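S.K.: Handing you this structure, nothing more for now.
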Amino acid sequence: MPNIDLPTLEAFVHAIPQNYKGPGGAVAVVRNGEIVLRHAWGFADLAARKAMTPETRMPICSVSKQFTCAVLLDCIGEPEMLDSALAAYLDQFGDGRPAVRDLCNNQSGLRDYWALTVLCGAAPEGIFLPDQAQNLLRRLKTTHFAPGTHYSYCNGNFRILADLIEQHTGRSLADLLAERIFAPAAMKTAELIPDTALFNECTGYEGDTVHGFLPAINRIHWLGDAGICASLDDMIAWEQFIDRTRHDENGLYRRLSSPQTFADGAPAPYGFGLKFEETGGKRLTGHGGALRGWRCQRWHCADERISTIVMFNFEGNASDAALKMMNAALGIPPAKPVRAQANPGWFGSWLNPETGLVLSLEDAGGGRMKARFGTGPEIMDISGENEAQSSMTTLRRDGDMIHLARKDENLHLAMHRLKGEARQDIAGRYRSDELEADLLLVSEGGAIYGAFEGFLGKSDMYPLYAAGPDVWLLPVQRSMDAPSPGEWKLVFHRDAAGRITGVTVGCWLARGVEYKRL
């Protein structure tokens, strides 16, 4: 490829504080192992007036997952070495237990444990300890799809990996990372700090320019799925290590970033803690990270030996910034989607009965729709009267049915339009035997509210909103991890006499949790 258009790249970076508004951040571009651009702006602590620098450490959150998998490959070998240990760990399972490779590739079908903390009554700013993580993970008995068939993001996969690695080696993950990964890569200040409450070198902020920026409170303990704190310079060193070892057939990053497949042979979007993407026909590998008050993203294009890194101490769209930086470095112009006018027949709520997932669509103007299906809203471009797509999802409408496809997830669902009114007779207490947790629904002044109760406590009351007959939505916008699970979908079941017998509760991260009415 030709040389990087440095003025264009610098112009984009210098506009980041205006386009991604927040207290501060740090970004870098690396090509051929050399630093093309290294920049920090703003403040690491607004009250203390402490400036942000490339040496400022921040939590890299889920970017940590690739390093957990790197320790696995470097210290133990192929994932199958730990399959017997995983069987002992998930000893509540009958059939359908995932393999360790499924964990590494987010194909386990296990429900995300941070989402499940909501169902177990956790407070968003509550304390979450290591024994509570094991308590939750070891009680699991089922998956929400057959392992190896689909992709679903699951932090618990990597929490379990960390436990298995420590058990197998007899050493802490912190020591293994320092010795086997950080030292060889010259990541001089990178460190695993599992307790988020202990990190105080830089402040993460929640909020925005409308509501103001407030210091985020985090008191969770995480391991394997996240927990590493590193500076921009540490992350640059990681990209340089990747470039130095690019020709080594057994090089760590080559092994981490090797293509993966589903059980049916279809290409998978994720492997060994890395997300696989494509831009302008070029393959990218990388990962994002999020915690209340923090966002980060790294991408690497092996074909062109280019990496981009974005780290924010606020909840800005670091993934968007990192991809746009990569496109600028690669000389890929912004896409210009062709849009059609929205047909009102799109709008409303649509249910897939098999998974209990709900798709909600509303007009976003300019030939676009806002879709709610996963953890957050997606903006869909309407490309024809009955077709729409985003970067993740393709929709094809056929009357009162939408065919939803998420190619990266190997997922194809028939969504049926919800018609009619929801009955109000859902108040009561419901029990999940697998989670040993309750859902309490009450009616106050004609409005329905719900709360979750379990071994982590009793949640606040949340309002419910009707989506259609026996289908309700319960939005949860703050939880222990970030982003939050989003809207919980509640699909109620009745007997032949029309009495409520139970409810299926789920979201994209944790589908099909069955509750019976008490």
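We number each residue from 1, going along the chain as drawn.
Quick reminder: no glycine exception, Cβ is built from N, Cα and C everywhere.
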S.K.: Among 279-289, 477-487, indicate the range for which Swiss-Prot gives the feature region 'Important for specificity'.
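M.R.: Comparing 279-289, 477-487 with Swiss-Prot, region 'Important for specificity' matches 477-487.
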S.K.: Measure from the CA atom of D481 (substrate binding site) to the CA atom of S62 (active site, nucleophile) and give the result in Å, rounded to a whole number.
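M.R.: The Cα atom of S62 (active site, nucleophile) is 11 Å away from the Cα atom of D481 (substrate binding site).
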S.K.: Determine, to the nearest whole angstrom, how far the Cα atom of D481 (substrate binding site) is from the Cα atom of K65 (active site, proton donor/acceptor).
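M.R.: Spelling it out, the Cα of D481 (substrate binding site) and the Cα of K65 (active site, proton donor/acceptor) are 15 Å apart.
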S.K.: Quick check on the region 'Important for specificity' (477-487): DSSP residue counts for helix, strand, coil, in that order please.
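M.R.: When I sort the residues of the region 'Important for specificity' (477-487) into the three classes, I find 0 helix, 2 strand, 9 coil.
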S.K.: Quickly jot the same-chain residues contacting the region 'Important for specificity' (477-487) by Cβ under 8 Å, restricted to those at least six beyond its ends, or write none.
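M.R.: Distant Cβ neighbours of the region 'Important for specificity' (477-487) are 112, 114-115, 117-118, 122, 124, 126, 128, 155, 220, 290-292, 294, 315, 358, 360, 372, 374-376, 507-510.
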S.K.: Counting only residues 6+ apart in the same chain, whose Cβ is under 8 Å from the Cβ of K65 (active site, proton donor/acceptor)?
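M.R.: Listed in sequence order, they are F158, G224, D225, A226, G273, L274, H287.
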